[in-house]
Structures are given as C-alpha cells and as structure tokens.
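Structure record follows, encoded as structure tokens.
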Amino acid sequence: MYDIKRLEAGQQKLQQAQQPLGLDLSGQQQQLTCSVITAPEHRANPNPSSISQSNPSEATHMTLLTLRRRRSLQRRACLLSILAAFVFGMALGVVVPMFGLPRHQDSPPDLPEEQIQMVAVEPLSSYRVEFIKETDELSAEQVFRNAFHLEQDKDAPDSMVVKKLDTNDGSIKEFHVQRTASGRYRKGPERRLSKKMPERVQPQETSRSPTTSPTNPTSEHQAGFIEEDVYWGPTVEQALPKGFAAKDQVSWERFVGEQGRVVRLEQGCGRMQNRMVVFADGTRACARYRQNTDQIQGEIFSYYLGQLLNISNLAPSAATVVDTSTPNWAAALGDITQAQWKERRPVVLTRWLSDLEPAGIPQPFQPLERHLNKHDVWNLTRHMQSERQAQSQPHGLLKRLGAASSPGSAHQSNAIEETGTGTETANGALVQRLIELAQWSDLIVFDYLIANLDRVVNNLYNFQWNADIMAAPAHNLARQSASQLLVFLDNESGLLHGYRLLKKYEAYHSLLLDNLCVFRRPTIDALRRLRAAGAGRRLRDLFERTTSAGVRDVLPSLPDKSVKILVERIDRVLGQVQKCQGS
C-alpha cells in the first residue's frame, strides 16, 4: 500500500515538471524568431530530465531582449535616413541654386532677324500676359485705333486679343487688353507679327500732304467735298438722296392709327413671329412682334432718335396695339391666332419697301483699311481723277473693249448713267462713292449712339471666325435701287438690349467710331441741339405726342438708365468730332 502511494506521488511530480515545458514549447512555436535558437536543442535531447536541467525560460527571455534591441536599431536607422534625405534635398533645392549655380543674364542676347520672326508667330497664352499698371489704363480710342481684328478670350470674358496696324512702320502688332470696371483698358505687351516696312512711310506721308494752293485745280475740286477738315462739303450734301422726310412720318402715323384696316397677315419680314401686314388698300407693312417689350421699345425709340437727328435713312414706323375688337384688326383674327399673337400686345409697323438690294461694307471700313478721314477722301479723289485722265486719252479698240467688259466694284453704286462724256461719267462715279461714304458716316454715328448689335458690329464680331465676312453684305442694311439710299433696318437692339451688353461689345462699337473723322454737318448740329435740350425729355415728348393712350398703357417709355447712357455716348461722339478737328 505504501509503495503504491509513493509511486503515484512520483508520477504527479513528473507531470508537474512537464507542464512548464509544454508551455515553453507552445510559446516557442508561436514566436518563430525564438524557435531558431531553442528548437534544435529540444529536438536533439528528448529526455525529460535533460530538458528540465537546461532552463528554457531563461533562454526565451534572452531571445526577446535581442529582438527588441534589433527593432529599436531599425527605427533609429529609418529616422536617420529620413533626416539625411531631407537635409540633402534642402541643400540641393535651395542652397545650391542660391550660391552654387551661375545666374542668367538680365537681358537676352540679340537674336538674328530670322529667329525673331520665328518667335513672333508663337500663339499667345493667357497666363503669360502682364498688364500695365492701373495708373496707365487706356481709353478705348487709344487701344483700338487702327485695329483690324478683335478676338474674345474664351478663358477670360473681360479680355481680348487685338491685332492692329502700326501706321509708323506699316507692321502688324498683336496684344492682349483687359477691360476694367471703370470702362477703361489695361494693355499687355505687344508683339510684332510682321516685319517693318519703312519704305511705305514716305509715300504715305507724301500722298497725305496735298498742296493747298488756290491755283491748284485739285484743291479747288476737293473744296466741295470736305469742309473744315471734318465735314462733308456742299457737293456731297446736295447730291445725297432725300430719303424719308418728316411729312412721310406724319402721314404714316395717321394711316396706321386711323385709316389702315388690316385684312390679313403673311409670312415674311424677318424671323420668329414677324409678319407682313396687308391693308385693305393694298399697302404693306412689316410688323415687329416680340414677347419682350424691350425690343419693341428699342425699335420705336431708335426711330425717334433718328428723327431728332434728321437722319432720313430710317423707313417710317409707328407703334400700335393688336386689338381684334377694333375695326383695324377684326378682319385678320384668324391670321393673328395662327401667328400666335396675343391680344393687347404692342407691335411696330414699318412701311414696306420693295426696291431694296443688299449693301456691302465700303473698303475704307474693312480690315486693314478701317478708317475714313480727310486724307482718305483726298486720296480717293486723286485716284479717280487720274483714272479719268487715263480714260480721256485715246485707246485702241481692244483696250476699249477690255474696259467695257471689266466688272465694277462689288456692292458699290451702279445707278450712274452711261450716257454723256467720259468726264461726266468719272465725276458721277466719284460723287456716288462719296455719297455712299457720307451715308456710312451717319450709320456709324447712329449705331454707336444706340449700341446696335445687329449690323456692322455683327460682322466685326464674327470676323474672328470668318475672315471673309467683311466682304459680304452688311447685316440689316439695304440700298434702294433707284435712289441709292441706304436704309437702316432692324434697330430693335438699340437703347436697351444693346446697352445691357456694352461690357462685351463696346470694343467693337468704339472701333468704328474711333476711326471715323468725316461727319455730316446737319447730323452733328442736331446732336448738339439734342444734347443741350435734353435727349431724354425730347424722346419722351415725341413718344407721348405720336402714340395713342392704348399704346402707352402697354409700352413703357424710355428708362432713365438708358437716357443716362445715351447722353454719355452723345458726349463721346461730340468729343470724337472735336478730336478730329484738332488733328
């Protein structure tokens, strides 16, 4: 019995001695890095007594200390490498450029002319533009004089690229401009797109210096064309087409308001809901109908402004109201419904003109020659006189046949009688050219005052995409075939809608006015009287006097904001006349 108990006690001690060994072995299996040191010793001596004598817990503790030291050394080495890389980068990126590398020259070396020409054709980048200081801001006249191409910058709505002709050396330059909130411009650096042509300067100056001796027949002949260097002379004024007089306007207003009975509406007269109105007596008119009354106001008040300035190139117009309950509109009820016109809406009725043909832009207003002054008139006079002298000399049969078959200038006056002597024909051709230019001077002044977007400015704006558009007929401009009268059509964008878009299109308006230095004296005199009497008051009085109470109920008068802008633009035109007189 005693032996059995001693045997069981010995077995329990042996089991207790093996339990720590099992824990150490399991721990060694979980930590693979420690098993590399202790595992071979355990596998080589499987005897339990020898395992207990080797003290495995002490070996495990030493292994963990070695692993911690190794990790600590790795962290320190990593931090030291990061610090060394940072110091090296600082030295390479900052210290070396400041002290170690040579500086570039302040001014680049002179390049050959061929290389300069190659550099000049590189496209401009908006981020390379450096505008001048605010104190050196320029006016539209200073920026756009002699400019022949404007291109809106897509990335910057207030900026545009300007190409202009340098009159000093005949070269073409390009630069950026930026419009400021004050309406002035900041100009970027210029770059030359073409070579200087100094050989052109002397002939140009010579041609612009005609002799003023009273014995010179050329000067005597020019005296009737230009007066005081800025006005068209009596020869041109007396030859101008009569146009539409004040009595035509009075009779048309009476006809529309009292006598006219609309019988039907027909398609025509432009876009959208405009219609051709046919009256009972066969009279026709173009009806301008818009959902927005601003364009109706612009059309009728632009016409009133033309009347106050004695510009006879505007067809008679009158404002009325669509009301099928009245005898004037009752017969056209079906056509009005089909046209989707609404009752009690204002319309502008303009007398229909049947003998109209397209009118082009004269050469003096096309790029690169967009200017008209006394020198241009003198040069044109001398040129046509030299042609007349050449034609007066006897020619052979083949030369006469060739001259007879040569085509005339596109979009120019063709109403010259082919009877009479060659001298009379040449004089008639010269006067016809000057008549067209005189009417264009009124057109430029009128469109600038009302800020019309739908005529020449339309061509100028689209010139950046279509270079041939300036040679095409002008938008909303026509010519009467018989009288050669230019008719200014479609002025609905004037005075209101055009004023809202001045920030975008003012450069194009100023471009035309700044290059005009020959005006009609009656127009400028009327403009001075209008400025003194008050443009807003005169326009509103004319509106009250010529429209019915029904029209005034649905069509507002001219806003004060438009009147203020109009007065500013009147001063701008008068300032341009004064500047031309001093030049």
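Every residue gets a Cβ built from N, Cα and C, even glycine.
The annotation compositional bias 'Basic and acidic residues' is assigned in Swiss-Prot to 187-199.
Per Swiss-Prot, compositional bias 'Low complexity' is recorded for 206-219.
Marked as N-linked glycosylation site by Swiss-Prot: Asn310 (among others). In this view, Asn310 (N-linked glycosylation site) is surrounded by 16 other Cβ atoms within 10 Å of its Cβ, with every protein chain counted.
Annotation comment: Swiss-Prot describes Asn379 (among others) as N-linked glycosylation site, evidence class sequence analysis.
Per Swiss-Prot, the feature N-linked glycosylation site maps to Asn491 (among others). Neighbours of Asn491 (N-linked glycosylation site), defined as other CB atoms within 10 A of its CB across all chains, total 29. Annotation note: Asn491 (N-linked glycosylation site) sits in a coil segment as assigned by DSSP.
Marked as region 'Disordered' by Swiss-Prot: 179-222 (among others).
For 384-421 (among others), the entry in Swiss-Prot reads region 'Disordered'.
Taken from Swiss-Prot, the feature topological domain 'Cytoplasmic' applies to 1-78, supported by sequence analysis.
Annotated topological domain 'Extracellular' per Swiss-Prot: 100-583, in sequence order. Model confidence over the topological domain 'Extracellular' (100-583) stands at 79, taken as the mean pLDDT rounded to a whole number.
Marked as transmembrane segment by Swiss-Prot: 79-99.
Its Cβ taken as reference, Asn379 (N-linked glycosylation site) is surrounded by 15 other Cβ atoms within 10 Å in the chains shown.
In three-state terms derived from DSSP, Asn310 (N-linked glycosylation site) belongs to neither a helical nor a strand segment and is classed as coil. Asn310 (N-linked glycosylation site) sits 29 Å from Asn379 (N-linked glycosylation site), counting Cα to Cα. Between the C-alpha atoms of Asn379 (N-linked glycosylation site) and Asn491 (N-linked glycosylation site), the distance comes to 33 Å.
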